[in-house]
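Chemist: Dumping the structure here so I can ask a few things about it.
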Amino acid sequence: MDRYQALFAQLEKKNQGAFVPFVTIGDPNPELSYNIMETLIEAGADALELGIPFSDPLADGPTIQGANIRALDSKTTPAICFELIAKIRSKYPETPIGLLVYANLVFANGIDDFYAKCQQAGVDSVLIADVPTNESQEFRESAIEHGIHPIFIAPPSASPETLETVAKLGGGYTYLLSRAGVTGAETKAGMPVAQLLERLNQYDAPPAILGFGISEPAQVEEAVKAGAAGAISGSATVKLIEQHQANPEALLKALTDFTSSMKAATQK
């Protein structure tokens, strides 16, 4: 049983969903970034989703672009990122670690080299934000060869065919993209998410974790109620780093409070 399977089985027993925060490695600097990842896990994060800083993050909003800039300014390189992941992995042998990256970064030293480094550092999954399923073969084959789950996005507008492909090709978990989480009053996860989940289950997809615009406990609760296996929170986590970057103590306290309240909301 791999780390994701073990996690979902454990959460099912406890009747909980997964809370997965996203941060960019090296934001605001490599040393503090390690403390941040440690703090997130200690405060209740079930898994981590991590970005490797990149100068042109297409799919990211301004908050995560800011994280990339801070990390690059503090001289964070992919090599430093893999070192930090390996350090977290040795301290937390059971916590699933996923990467969210862009194809250019994977191509930089060759696809195989990238996945070999992931394997060595103890990464469990890789989501390449700008590679759709129909262009994923080369990445997927290398990932699987190195024991890494390829993660795919199921967008709200996906056709049944797309969902079936995502279900068939993905492993670890399915990243369910929800536009349902952007504004307060209208975020009732409602039909679209429930329908998508139903479809994904029909196709026997890996457990679906809802991401995009998840910033408060009520949304996590909604995601889990709608049948998602958990929720990913990126911008909201990164915003706390942005706000408190000058004061590490306040920063780690804010992340602890945020993570524990989001995790508490995963109880069914």
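Our numbering is plain: 1 for the first residue shown, then up by one each step along the chain.
The backbone N, Cα and C atoms fix where each Cβ goes, glycine too.
Annotations for this protein, taken from Swiss-Prot, read as follows:
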ACT_SITE  Glu49  active site, proton acceptor
ACT_SITE  Asp60  active site, proton acceptor
Chemist: When you measure from the Cβ of Glu49 (active site, proton acceptor), how many other Cβ atoms are you left with inside 10 Å?
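Modeler: For Glu49 (active site, proton acceptor), the count of other Cβ atoms within 10 Å is 25.
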Chemist: Give the helix, strand or coil assignment DSSP yields for Glu49 (active site, proton acceptor).
Modeler: strand
